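Read through the structure below, which is laid out as structure tokens, and then see the notes.
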Amino acid sequence: MPVQGSQRRLLGSLNSTPTATPHLGLAANQTGARCLEVSVPDGLFLSLGLVSLVENVLVVTAIAKNRNLHSPMYCFICCLALSDLLVSGSNMLETAVTLLLEAGALAARAAVVQQLDNVIDVITCSSMLSSLCFLGAIAVDRYISIFYALRYHSIVTLPRARRAVAAIWVASVLCSTLFIAYYDHAAVLLCLVVFFLAMLVLMAVLYVHMLARACQHAQGIARLHKRQRLAHQGFGLKGAATLTILLGIFFLCWGPFFLHLTLIVLCPQHPTCSCIFKNFNLFLALIICNAIIDPLIYAFRSQELRRTLKEVLLCSW
């Protein structure tokens, strides 16, 4: 990804010296002040990407295999898995090419590396945007299924879901291409930050509303069965904990990356901001961690999908 404060990884590898052993420690910024820099080992970066790649390939394969999973909800989950797969795969490819260039095992002209870097950047950026969009689409789908349960199948149809998916992919590719072309414009970075905040607010509002409705429903049942008041309280706490984990993971994994973009606009030369810029690879690693967690939250909790996945794994042996 083209970001201020850190050179492009592939192009920098052409003339780079062997890097020091990755570490967690204090590094000096431009003003001589000390700041915390977390270096992500390439082996860890590749390992996280591989785990995410395998997980999301399994999700896509299971949904494609089982016709019972060909519904709008699983369509969005499948596309989320595909987006996460591309996020992990593109970052793995960039890391692998960088290591080969640094080791001298791969010879390439600067122009070729520039083009490859641009392609990887577009894939990475578009898959990030689409991943955020599909997280929002899943939240909207679940909201409609709860608040418009009787009309759900007439509102959320498979053709409409497919059109939404196509629109998300096209918009993601176009926006990412513009971002790569005009990454040095503050307006572009601010648009990305606003988009992330919009997705965060959308998910928070929808899931909090769904939790409130579920608690009201449980409270109504508890009134009919007075003995179940403790169970109702436990349900509310469990729902709040689940919501906190879901939104917390989303913010923890995606927030640092968009904070990075925000600081590029607000304080590109400030010493403190420069310290944060040094941890860009850590922020990418957190996004890959989110790609690992997404299948656990949205896919593997489905009994039907787990059963299909088991069949796929048994057949592969």
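In case you wondered, yes, glycine gets a Cβ from its N, Cα and C as well.
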Swiss-Prot: matching membrane side for Ala103 and His217: no
Listed as N-linked glycosylation site by Swiss-Prot, one of Asn15, Asn29: Asn29
Tertiary neighbours of Cys315 (S-palmitoyl cysteine) (same chain, Cβ under 8 Å, six or more apart): none
